Amino acid sequence: MATTSSASPPLSALYSPAITIVDQNNASTISTVHQDIIETHIFTRLDGPTLASASCASTHLHALASQENLWTNICHSTWPSTTSSRVRHVISNFHNGPRSFFSDAFPLAIEPVSFGNSSENPPDLPSEIISAVDIYYKKELIFSKVVETETVSAWFKCSPFRVDLLDPKEAVSTRIPNPDKDDTCRYLEEDMELSWIMIDPIGKRAMNLSSQRPVNVHRHWLSGEVQVKFASVVGGGGIGVATELVQCGVVVTCGGSAKGEMHVREVSLQLEDMDGMYLNGKESLVMLTRGMAGKRGRGKKRESERKKEVEEFLERKRERKERKMRREGTLDTLCVAFGVSAFASSLLFLLFR
């Protein structure tokens, strides 16, 4: 959404002095606006999607909207975690710098690239991945962190994949009120936003794994801690297998404090398949690489689209579980029938021999 400023220049200042407006019916084209005015007073007030739309209007605007400083400022204002020196350096190596990074990280990844059978023809996997995470509550930044994860060790490849941004005893204070009432969970669902950008510094690709707004919020009945879950769905593991769809789940755990405000005590990421099993490091890396290399959707309605994807994943997961239970029930019935038949045959043999 485009933003405005209270110190906007008068309308006449947006036009070149050489232009004379004859009457109200003669509309001046954008090319008549002075280049400095467009760069400093118009483009600097646009957000990423609006600036991208403006760049498609003409070759002149495309050239002006492609300046690196515009997209650098947009990335920093949209995701404060990108201001870290490590992420800034990685973004500078993208094909078109911050503009390419924004086009990767802002929209949905709706169609992962196909590598065929990943076990036989795996993609080139990065030697490390970077997580750039920002959490907002009522549009105010409450948490921002960048974490680098190595991906080449045997421990990473074989262990369950999990990225933790906080140590077990670490907590971050916030202005979120302690949930004395059930309404607070509803407020968190409405007012909390999260962005988790996964970056491949070697392949120069990125992907936002968050639903932006929570897909589920619940409070633990005993501890009183509130778990806020964000999620997205990555596909491409093969039709009919458990990894055909994989859910990237981000959990934010908030606990109360003596001052009556909540502390963020956990921010973690895991990948879950349709059997409810968490993927190991290598499997997760393959799925993330597919997602980062896949086609992107439009940025509009991305919250509702992500929520719809998660609902579809949960429905597919439920159907798969029901089919598995029916198969197991059928096998149990066959085993019982076989056992009864074997017992009856043995009994008849003993009676009539």
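Note that Cβ sites are derived from N, Cα and C of the backbone, with glycine treated the same way.
Unlike curated entries, TrEMBL annotations are predicted automatically.
Values in this document were obtained by computation on a predicted structure and should not be read as measured data.
Here TrEMBL flags 41-76 as domain 'F-box'. In terms of DSSP secondary structure, the domain 'F-box' (41-76) contains 29 helix, 0 strand, 7 coil.
Here the coiled coil (300-327) has long-range neighbours at 49, 107-108, 110, 210-213, 215, 231-233, 242, 244-245, 247, 274-276, meaning same-chain residues at least 6 beyond its ends whose C-beta is under 8 angstroms from one of its own. Residues annotated as coiled coil in TrEMBL: 300-327.
Under the heading transmembrane segment, TrEMBL lists 330-352.
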